[in-house]
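Taking it in order: structure first as structure tokens, then the write-up.
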Amino acid sequence: MFDFLDKYDVLGAFWTTVQLTLLSAVGSLVWGTLLAAMRVGPVPLMRGFGTAYVNIVRNIPLTVIILFSSLGLSQTLGITLGADDFKVQGFRLAVLGLIVYTSAFVCEAIRSGINTVPVGQAEAARAIGLSFTQVLGLIVLPQAFRAAIGPLTNVLIALTKNTTVAAAIGVAEAAFLMKEMIENEAQLLAISAVIALGFVCLTLPTGLILGWVGKKVAVKR
Amino acid sequence: MTSVLYDAQGPRAKRRNILYTALFVVAFAALLWWVYKKLDDKGQLAWSLWKPFLSGTEAYSTYIWPGLENTLEAAALAMVIGLPLGAVLGIARLSDHAWVRIPVAIVVEFFRAIPVLVLMIFGLALFAQYTDVSSDDRPFYAVVTGLVLYNASVLAEIVRAGILTLPRGQSEAALAIGLRKNQMMRLVLLPQAVTVMLPAIVSQLVVIVKDTALGGAVLTFPELLTSANTMAGYYGNIIASLTVVAVIYLVINLSLTSFASWLEQRLRKGKKSTGAVLGAQDVAGIAGTAATGAGGAAGGPDLGARLVGGPHRDGDAGGHAN
């Protein structure tokens with residue numbers, strides 16, 4: 001019943017899913033933190049940019065963004081992200097799309113983390129003469145990140161599930177392989193069960209472990 | 001706007017901010033110029049490529065409007081089926097009987113842990129193998145099935161959270177006047193919970209609308225994105241077509257999001273309710289996580305002052321799950 005496991009590289013497909021997830025997670029964490037810093041900063045133009053970015057990106061389907069990076073960026077404008085191989089290029093474009101999309105949610109998660117830091121912390125920091133970058137970098141963000149682990153975990157789990165959208169531009173990850181297997185084999189239920197189990201194995205432990213970490217490092221108030 | 005994160009600006013800080021603004025403008029302008037140059041080099045700014053959208057209605061009546069109709073139809077149907085299903089699951093998860101509570105919890109967690117695209121692909125094959133739905137209708141059925149399975153479990157959590165946010169006094173009072181558990185749920189808790197979770201439900205609608213695009217790209221369901229692709233094939237203007245489609249999604253979803261935050265503010269300020277609201281922010285937590293309690297660490301009670309104006313306060317569009 002499970003003989004399709006020998007014919008198809010299911011583990012390899014899930015490895016691609018994991019790679020997509022991790023690379024996009026790192027990228028969107030960096031870009032999302034920058035966006036959050038812009039959104040709370042003293043320069044009005046950057047605040048406006050951050051707000052506009054988040055509100056625009058969050059309301060466009062990820063599928064549109066990823067299709068745009070494939071059909072628009074690479075096929076029409078010829079931006080290949082330094083890849084000569086078609087597969088590598090699709091992978092990189094998918095990561096780019098995922099970063100653009102996910103960073104909006106990371107920004108909101110970090111902002112909600114910043115909101116848990118008591119006002120007195122920032123006031124005390126300003127009272128001893130720290131500048132905005134110092135207040136944010138030394139006092140607020142370290143506490144905010146610890147509180148933001150919960151929301152960030154949700155973003156990471158959603159990101160793991162969102163990597164399946166890369167199937168739309170032909171990246172050979174789990175959902176893409178599932179479609180291929182279902183078309184060629186007559187074991188719909190077994191194939192779906194394996195793929196579903198794979199995603200449960202990726203998302204449940206992420207939630208459990210990071211949920212535990214989040215509670216562990218949360219600032220007790 | 002002043003913030004607790006930085007001091008009121010003196011002359012030096014003002015000069016520095018102007019410098020930062022200038023640097024940002026230069027960097028942003030450079031980016032825009034680069035984009036413009038790229039587009040221009042490939043001839044993507046030619047009037048003929050954008051003309052179908054800016055003059056004449058042919059593109060809209062032939063491609064965009066039928067696609068949009070399918071998108072909205074699938075989203076609305078998914079919500080209409082998913083909501084009652086979610087309500088039943090959510091209430092069942094609050095049951096006093098372990099034999100009801102635990103299986104329902106497993107089902108809800110299972111469907112929340114799986115990408116909606118996987119559910120759609122499964123649905124497509126399921127309808128192909130076990131039913132006689134015609135192959136033209138199958139993508140639509142599959143998209144709605146996937147959306148219903150996923151969103152019913154998310155809505156179940158919203159309903160559960162909505163009932164749990166009500167003050168304890170409500171159920172205590174209901175029991176004290178001698179209502180049965182079923183009466184308490186039906187007459188006291190649910191009617192209040194519905195108002196409490198309205199903003200959250202509207203935000204979930206945004207997620208559903210966005211997810212229909214997935215059915216278009218992978219299952220060839222002829223919704224907005226697919227028809228945009230067909231249109232791009234006809235006019236040869238993929239960038240223009242995708243831009244127009246993105247703007248349409250943006251308009252729909254932004255109006256839904258602002259409606260949700262308007263509802264939320266209204267409910268928060270309302271005198272008739274208990275003041276409990278399940279905001280859009282809370283949904284972001286519900287939709288992402290599996291039953292691990294990973295969410296809820298941040299965004300604590302709305303009591304103390306906040307460092308930055310959150311969506312609850314400054315009325316900008318509230319968050320929804322991705």
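Cβ atoms here come from the backbone N, Cα and C positions, even for glycine.
Sequence annotations record features per position, and here TrEMBL assigns transmembrane segment to B:18-36, B:74-92, B:104-128, B:140-166, B:187-209, B:234-263. According to TrEMBL, the domain 'ABC transmembrane type-1' annotation covers B:68-260.
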Name the range, of those listed as B:18-36, B:74-92, B:104-128, B:187-209, B:234-263, that has the largest tally of Cβ pairs under 8 Å with the transmembrane segment (B:140-166).
B:74-92
With CB pairs under 8 Å as the measure, which of the listed stretches B:18-36, B:74-92, B:104-128, B:234-263 comes out on top against the transmembrane segment (B:187-209)?
B:234-263
For the transmembrane segment (B:74-92), give me same-chain residues lying six or more residues beyond its boundaries with a C-beta closer than 8 angstroms to one of its C-beta atoms, as numbers and ranges.
100-101, 104, 107-108, 140, 143-144, 147-148, 151-160, 162-163, 185, 190, 201, 204-205, 208-209, 212, 215, 221, 223
Beyond the flanks of the transmembrane segment (B:18-36) by at least 6 residues, Cβ under 8 Å:
45
